[in-house]
Every structure is written in structure tokens, then in C-alpha cells.
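Notes follow the structure.
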Amino acid sequence: MATLEAIKYDGEKLLVLDQIKLPLETHYDEVLSIQDGWDAIREMRVRGAPAIAIVAALTIAVVMKRSTFATAAELAAFVRTSLEHLRTSRPTAVNLFEMAGRLEALLQEQPADCTEAALRQAVLSYIEGMMQADIADNQAIGKFGAEAILKDLSADVKVKVLTHCNTGSLATARYGTALGVIRSLHEQQRLEHAFCTETRPYNQGARLTAYELVTEGIPGTLVADSMVSLLMKQKGISAVVVGADRVVANGDTANKIGTYQIAIAAKHHGVPFFVAAPLTSVDLKLSHGSEITIEERPGKELTHIFGQQLAAPGIGTWNPAFDVTPADLITGIITERGVAYKAEGQQEFDMASFAASVGRA
């Protein structure tokens, strides 16, 4: 069965699947302006660090194609202003900032006599190449992740894997990161069962990951976030694999709220805990997880579901969207260039050395 598409782009039109309405309704919103793209990201109609970056970039592309600029300088100013605004949509996912930095570097590299047409083509080529690159990267992550989980097992053993939040086709251009690893295991007929958490308070696991598993015929079971420790104790979980919104130089990883407690439970039960993310999610400018800006979401997302209030009126809320899992709880970090592991006896990763060793640009 074909994988789901969170982003549809045909070179002229950009459609974004409204993931807030899933799984009850499948509806695509057309992005016509920079503000439309910002709203889709901020309101979490599109989410997942890779998808956020792609939608932001394609937003610039479609608006640029419908606009005219007298000079290359005028076009460059439009791109820079658009990036400045789009950066403010979600602060934790590093892919958006990585994309913006690379696009700004591309603008800076153009010769002084660059024409508007030449600059337009350079910007569009970079942006439109992002989707295909993301799909290829995700498939490589799936391959390397499956190998890492299976490497010490005999060929006839099937695995049970737990994941958190949504990291599949709905969070990327296609295929997925952590869910891509599960897909790869399933394609190899080495997956016995996938378990996904509901992922409160936004229920990305219940609404989105469960939807992807059912749609694609992958054997799966939904569990409440509070069931994870008992699940590991009683159901024989082989590995945990989660995504990442930002991995810093020592391997500390920001991911959807609830990831940290799953990592603690995995450590206690001796379950390998893997992070799956493209190298664009690795932020070598930050040394430790304490430096990551953690987005806080409106309290209504915690007290209401589909507009219906569940919590007692007047109760206070604290609603961080992410937490940081320390490197010492992480078994390996799966990327499109291979799996990063800690040196023997070390509690932290050396992501700079790993990135250099695999030729990260």
C-alpha cells in the first residue's frame, strides 16, 4: 500500500495535510502566502522536524513563483525576510534553522552580477531538491536502524518495537525516521509487532502513528503513555526507537514530551533505546541539552480534546512540547549515514567526530 503524503507539491501548488483533523477527516490546505505556511507550522497542521523545514522552504518557493522581483537583490531580500518570519513558527526543531542557514548561505555565495533569473533558479533548485533528499535519507535511516536492532539476533527472530509520537510519512517528506525503521523491519518480515504510545497531550501517536500503522497494514497496538514500564516488563519489547527535533553535540536529544521517561524505563528494563534522525537534526553549535530552547504550548491543548474540555475549569497547566533525553540513556543515534555510538566507557556521544567521519557537509 502506498505511503501517506503529508506534503503535496507539483511545482506550482503546495498542499499540506491538516494533521489536526486526522484520523477522522483527510483534508489538505493550500499554502498561498508566507503567513499561510507559518500558520500551518505554528498550529501544528504540519509537524515533525523534517516536514516543518520542507513546508517552510516550499512556502517560499510557491510564493516566489507567483511574484516578480525587479532585481536579484530584491528577490534575496524577500527570501531573507520570509526565512526570518518562518523561523519564529516553532523554536525547538533544528531542521527549520538548518534549512534557513543553508538557503542564506546560498544567497551569500551568488556573484555580485547575479541576475534575478539565475538567483531564482538557484533558490528553486535547492528547495525542490529537499523533498527527494529527505525521502532518500529516510529510507537509509530505516535500513541502518533495522540493521542496528537486528545485529545481535539470529535470522529467524522477529522483534517487538515501541515508538513514541509520530515520525512516519506524516512527519517527513515520506517513509519516516523512527517509523521508517519500523517500516524497514516490516518489509524484511522481521517485525513481530509495533507498539505506539498515545503521546499526550496532542495524541500524535493515537491519531497519526496508529493511523499510519493501520493504513499500511503493519501489526500495531496503541498503549497509553503511562503503560510503558509495564509494557516493557510483560511484553518483551526488543527495542525503542524515537525521532528527534534536535540532537546536540554530546548526543542529548530533544524530542516530543514523554520521550525522557520512556528512556528511563528502557534503561531500567535493559531495552535498547535508539534515536532516529537525519543529520540535519544534529546541532553541533550546542554542546549540551540544557542549551536547547523548549517550546511551551497553550494550556488548552492539555485541557481540551477536539474542542471539548476535559479538565476542571480553572486548573493551572504546564505544557512543554518537548523534553531532553540525556545521552547516557541512548544506545545509538541512527542517521542516513550510519549509526553513531558512544566510545567504550563514555556516557556521551561525539557527534562532531561522527559527522566528520561520514562526510557531513
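Backbone N, Cα and C define each Cβ position, glycine as well.
Taken verbatim from Swiss-Prot:
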type     : residues : note
ACT_SITE : D245     : active site, proton donor
SITE     : C165     : site 'Transition state stabilizer'
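Within 10 Å of the C-beta of D245 (active site, proton donor) there are 30 other C-beta atoms, taking all protein chains into account. In sequence order, T197, T199, Q204, G205, T209, V242, G243, N255, K256, G258, T259 are the residues of the chain that are 6 or more apart from C165 (site 'Transition state stabilizer') and have a CB within less than 8 Å of its CB.
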